[in-house]
Each structure stands twice: as C-alpha cells, then as structure tokens.
C-alpha cells in the first residue's frame, strides 16, 4: 500500500508520530546511546558485512510501510543490506495494519541487532578459548618453571570475566621418593643375590665339599627359579595387588638366606638359592609395574631407575662384604636386608590403578592424594584412570593370555619382548660373568681381579648417570647412545682379539681390553640395562599389564640363561673375536629396532602411551552401547 500527503494526511501524521516516538526510544536514553556505541564498534570491526543507513528519515510518498519502518527503526545504526522490499499497491489502508506492520518490523530489527552483538560475544569467546588451548599446549615441565605469581593477560568482555588463574601446581615429591626408595630396597636384595656367589665360593669350598657341577648349579639355579617367579608374578600382582606382592617377597627372601647361612650340605644351599631366585623373578616383574603406576611422568624416568641403581649397589655390597666375611656370614647379611625392605613397604600405598580395577574409587583417590600431595587436584588423573579402566572392562570376559597377541595389544607386547631380547643379546651377562676369563685371554697388562672390580664400579656409577639425564634426553636417545657405545667398543675389542689370534704383538695396547669393556659397560648401564625394565611398566596396557609383564620377565631370564650357558661353547666354535663381533652385529640390529619401533615415553602419562600403542582412544560409550546386554 502507498501513501500520499494530499490524499491521506491523517495516516502521514500518525507515521511521523511513530517516527518521533521511535527516535526518542532509540536515541534519547542512555541505554540507547550505549547500544549505538556498541553497534558503531561492531561496524568498525566487522567491515563491509554491514552498511550504514541514513541518520535522518528520508521519506517519499511512495515508501512502503515496511521500508519506512525499517528506515525509521535503523536511524544512525547498522542494519544488514537486505534487498529493497517491493511496493504492494493498495487503495485502502488501516491505521491498525500500519501500526502492526511497523511494530513487527521494529521487533525484527531489534532481534537482528541482538544476534549481531551475540555473534560478537561468541567470536571473542572463541578467541579466548584458542589462546587458552595454545597456552595449555606448552610442555608441563616448561610450565613448572614459570612464575606462578605472574599476572596473566586479562581477557575479558565488558569486565564480566576474571583473569586466568594459575594452571600448574608444584610437584610434591617426598612421598613418591619414599615409594621409589622402598621398592628399590627389594632391588638391592636382588643385586646382592646375584653377586653373592662370586665371593662366597672361595670360602664355601673350605667348609663343604662342592664339585664343579654343583658350583654351576648354585650359580645357575637362581635364574631358573627367577623364570618361575616371573611367570607366577603376573598372577600375584593382578589378584593380590602390587604392594602386597612386593612386600611379601621379603618373607621368602629371609627364609632363603637363612637356609644358606645355616646350611650343612649343598642341598640346603640350593634350596635357599631357589627361594631367593623365585623372589628375584617376582620382584623384577613387580618393581617397574608399581613405579610406573605411582610416579608422575615428570619424574618417572629418574625415580624409575632407582631399582636398577640399587641393584648394582647390592652387587657391590656383596663384592666388598665378601672380602671380609665368609659365605655363612655373608648369607646372614643377606637375611638382614629384607627386614628394612618389609618395614618400608608397609608405609607405601597400593597403586591407584589397581584400586580402580577393583572398583575402589575412593581408595584410588586417597592414594593419589597421598602421592601427589593433599592439596593436589587429582580430578584429571582420576578421569584418565577411570576412562582407561572402562576401555579395559569392555574386554574383561575374554581370555587375557590370548589378548596378548591380539591386534590391539600385540605392538606393545612385541616392543617389550624386543627390548628384553636385545638387552641380553648384547652379551652383557656373558661379559660380566666371564670378565676375569676375558681379561686373562686378552693378556691385559691390568690385573684381572682389579679389572673386574673396576667394571663393577663403572656399572654402579653409570646407573646414577642415567638417572640424572633420562628425563632430559629421553628413553630413545639414551638407547641410541647405549647401542652406539656398545657397537664401537665390541668392534674394537673383536679386532684386538683377532690380532692376538693372528699372532700380532699387541703388548703396546694392553690397556685396550679394560678401556673397551669399561666404555661397553658404561654404555649398557645408561641405556639397554635399565630402560627395558623401566619401559616394562610404561608401555604395557593396563588390561594385560600383569600377564604381559610376567611373559616379558620370564622371557628375559630365559635369554639370560641361554646366553650365559652357551657363551663358552660359542667361543669354541667361532673363537673369541667372532663371538664379540657377533654381539656387535646383534647390537646393530637392536639399534635399528629402537629407531623404527620403540616409542618415546618421556613426560607422557600411562594413558597417553596406551592410547598411542593401541591405535587411539576408544569410543567407550559407543562400544558400551553396542555391547550386547546380558540382563533381563
């Protein structure tokens, strides 16, 4: 409908009245001024999407009611560039229709304006979220170095949101150190058990008649019993708990050492060695699992290597104490070591992951608060533990041992077995057990007994070096360094033995065997020695951790027994230089295995590692929905 000043003066007067009223509402109040300022700012920031309409009404007799209302309702503001509404010719008009159309158009514009301001608010919130995500993407350890009192940028809209708060908290280490120290005391007993026979045989032969065959069984029975303990340990840590299993190994340790200390014949010694060997197998399985589930990722590398360091300490303790004590007194010392180990383990908690697996959520939360500090925020870690356990529960009814070789879990299992395999194929146990023989065959100018002690000290010190640098360089970098050091030294040592076999005079470099073996042991002890055991507790998924760790431990002790037992026979077949070069080739293969298959786990939670190795995170809800119901 159209209007003409001459034909319908009353309608024109009403329209001008509406204009005046609208002008007063839109521009006369302070609220109107504020809205106009907001829209001016929106125009400047959003560019050509919006266009300015005339600040004064420019009306003509042919302007439609809808166009007139749109122009009047947008005085001095921003309005979308809508297409012009075509005129509808009409010969009749009603003041009620005009007023309804005008009010409808006015409400429509106000809705558009509110939507525009809402989009601007949403846009700022998106920017704010992106900045927060970017800030949170920094490595956690890097954030720990930031000043917690530093004032963050105030990202607010109209002052209605507070500034960002501190997103990190200081690490609480004392309880985690206590837990790692308690577990490492068990590893001290393991090392003492391994080093006991070397100094004990000399004095044992003076009081008991022991044949050469019986000596080999006293030395070799422990790794065989450890194989049994490693297989059984997976069942124990799953059904009785990590803490209980570790703590109660102190009892068989004590019984075994008391049998040896009070032995009147060789069979009591063998029985004592069998008891100790079973505990060694259970302990080497359970220690890395316990530490992997209790220590935070930021310090898991350093504290996770404490058992290896304490194991080497136990070997040195047996060597040095054996120079002053006979075999029985040395065994009494071994029987005293489980007592502080048992008392320290009483003070430590069970792992939160085992509690979650048993549905004891509150106990898991209390354990986390004990480990992380009573004021720590453990909500995120609890959510990750619960989600990981929920994924594991989806396959609870399946055969656990059969799952080890499923597509989901096979990569983690093969990586663990590969690390254990190349740890032993490096020849370290053969070199350590036959160090004196190697030095004698090499014709070294350094005394063979002194050389063995030097290698023992290097093995002891190098583990602490690895503890200090593992969380800085990472697991893979230390494995690279370890492999390279062993390859180079084994090639040089093999060349030395080849020159001897060919009749070349090597007296001018008589120090070379000791130097080579020192670097070899140093390289092994900072990488392939401790890291396979550390990663045993890191990369195995929670659902199969006990069974897979049992398999890996048994596999490791099997490889130990085979390499140690066959070392002398291999030397007879391919001579010493061929044996040493064979170990060098195996170390090269081990290096390639690390490069292409072993993941880096530094600074990552167990849940993140599991997600990467099992092909990403599961849609737990979807899987649970698709799972067939077994109810009524």
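In case you wondered, yes, glycine gets a Cβ from its N, Cα and C as well.
In TrEMBL, annotation is done automatically, which means it is predicted and not curated.
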Range among 548-574, 602-628 that TrEMBL annotates as transmembrane segment: 548-574
Transmembrane segment according to TrEMBL, located in which of 171-196, 353-378, 379-404: 171-196
Tertiary contacts of the transmembrane segment (548-574) (same chain, 6+ residues out, Cβ under 8 Å): 220, 223-224, 226-227, 230-235, 237, 281, 284-285, 288-289, 404, 409, 412-413, 416-417, 420-421, 423-425, 427, 429-430, 433-434, 532, 536-537, 540-541, 582
Of 244-264, 302-321, 450-470, 477-499, 511-536, whichever stretch has the most CB pairs under 8 A to the transmembrane segment (270-290): 244-264
Cβ pairs under 8 Å between the transmembrane segment (302-321) and the transmembrane segment (477-499), at least three: no
Long-range neighbours of the transmembrane segment (171-196), counting only residues six or more past its ends (CB under 8 A): 144, 222, 246, 249-250, 253, 276-277, 279-280, 283-284, 287, 290-291, 294-296, 298-299, 303-304, 306-319, 322, 330-331, 333-334, 337-338, 340-341, 344-345, 347-349, 370-373, 376
Stretch with greatest number of CB pairs under 8 Å, the transmembrane segment (580-598) reference, 244-264, 450-470, 477-499, 511-536 candidates: 477-499
